[in-house]
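Annotation comment: TrEMBL describes A:E208, A:R215, A:R230, A:E259, A:F299, A:R374, A:K380 as ATP binding site. The annotation active site, N6-AMP-lysine intermediate is assigned in TrEMBL to A:K210. Taken from TrEMBL, the feature domain 'ATP-dependent DNA ligase family profile' applies to A:287-414.
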Amino acid sequence: MLLTRLADVSREVAATAARSRKIALLAELFRDAEPDDVPIVIPYLAGRLPQGRLGVGWKALGQSVPPADGPTLTVREVDARLTELGEVSGPGSQAERARLVAALMGAATAGEQRFLLGLITGEVRQGALDALAAEGLAQATGAPPADVRRAVMLAGSLQAVAQALLAQGPAALDRFRLTVGRPVLPMLAHSASSVAEAVGKLGACAVEEKLDGIRVQVHRDGDVVRVYTRTLDDITDRLPEVTRAALGLAGRRFVLDGEVIAFDDTGRPRSFQETAGRVGSRVDVATAAEAVPVSPVFFDALSVDDRDLLDLPFAERHAELARLVPEPMRVRRALAAGPDDVPAMEGFLAGTLARGHEGVVVKALDAPYSAGRRGASWLKVKPVHTLDLVVLAAEWGHGRRTGKLSNLHLGARTADGGFAMLGKTFKGMTDALLLWQTERLRDLAVEEHGWGVTVRPELVVEIAYDGLQRSTRYPAGVTLRFARVLRYREDKRPEEADTVETLLAAHPEVAR
DNA sequence: TTCCGACAGTGGGGTCGCAAT
DNA sequence: ATTGCGACCCCACTATCGGAA
């Protein structure tokens, strides 16, 4: 199959808003793909590369190359060239990669170049990714969409399911079962603004400590343990403590879901930055493990002794977990029967925060494990802080925000009467607000840059954030975590904005 | 008819490790 | 030694479509 066909379909998919039409377009193309094209065409039209990481980004794609006159590239040839590209390493590799990219781009037409650029940078912007590709695959093969989705969750990848489905038909889906040693997409949580709201929605539920660490899925098959991240990367070698812990448990075959986190000598959780740095260290693991030991803490069991627990209610899965995993290696929890228990659950949340954790996750006791979905049966509740900050600058947006000032630079007042930048945010704005702030900030602009404008520090904006963290990038030595806009405060003057001093006083554990 | 779940898009900060300067 | 970049951890929020209620 020619690449130009994919580029055309991708453009057509991008041009339609109707999901049903996007799915139909994808299905039509999948049907036309030759068997050898399938493992490439499917991920390409899901907006991804089958190679995953390539080591090539915006910079390597930098200079534009004159496009070819006519389409000659086949999908398989492109894939072969990109595989070669991904395998280049060692000194001089950057120049070599740039040369290979230029050669590939030179063989592509203008339309193909745009498509390739989107694929490599992960910004296809066609309004269809894995989920719609899975729907298209179902339509192309006549398999029930729900069965395809489930197979994708269990396989952890669309490609494997696509290949089996297109080669053997819908019957192949039965082969995708929960298997020890093969990771499944983890269940995710929605947000709720309070414990009362969460308990009100879910009824009988468990309220569990939310640890600020790295999500892990731990598989043990006899003496073999494997540890996977949320995106199913294998990080076993970086976490010897987790392997030891899993081997110390009574069961010999199981799949557990949990979090890995570093505690200090007093048993309080270390900052997310410290845990993430440890888990990210892969060269000298022994030294890193000595400096920052981590502990696994589990909250769910997906499989025990070859019994697939995914469809069981959470209450039953947790009973299995409790049989297998002793108390300190399980997440702390409290049970609520209904709204009458809200005060007790609020007390549990307060205790959790006092112990230094992020918040709680409220989980319906009767819900199955919805692998890969942000099921409504898990609701996280975290305290939200707010600040009144001053807009110092704004950056031009991309994609659907092109032409609008989008990303705000936020400043707090300093002792000398100036402002210290604390970070940026682009979150929380409606389209109307985006339009308004673009006008307003243009009026306040004192300098135009390629990336945006700096403005007179006059506009006060109320910002919500999850916490403060240390920073080497910003002048106050701290930055906001997950900052988002709540509303503009035109009733406030910049002299009334919050100061760095009060911010630090509100987070003594970070300011220390 | 209205409501709401699922998706895609738009980016944020940090850390590690590699290659280039 | 330092800097720039890519990959991958954590993530919030809005707009939209289309099925459920």
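Cβ coordinates are placed from backbone N, Cα and C, and glycine is handled just like the others.
Here the features listed in TrEMBL are placed on the structure.
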| residue | record | DSSP (3 states) |
| --- | --- | --- |
| A:E208 | ATP binding site | strand |
| A:R215 | ATP binding site | strand |
| A:R230 | ATP binding site | coil |
| A:E259 | ATP binding site | strand |
| A:F299 | ATP binding site | strand |
| A:K380 | ATP binding site | strand |
Counts of helix, strand and coil residues, the domain 'ATP-dependent DNA ligase family profile' (A:287-414), according to DSSP: 38 helix, 51 strand, 39 coil
Site of maximum Cβ density within 10 Å, from recorded positions A:K210, A:R215, A:R230, A:K380: A:K210
Binding-site residues near the residue listed as 'active site, N6-AMP-lysine intermediate', in sequence order, restricted to A:R230, A:E259, A:K380 and a 10 Å Cα cut-off: A:E259, A:K380
In the chain carrying A:E208 (ATP binding site), residues 6 or more apart in sequence that have Cβ under 8 angstroms from it: A:F299, A:V331, A:R332, A:R333, A:V360, A:V361, A:V362, A:K363
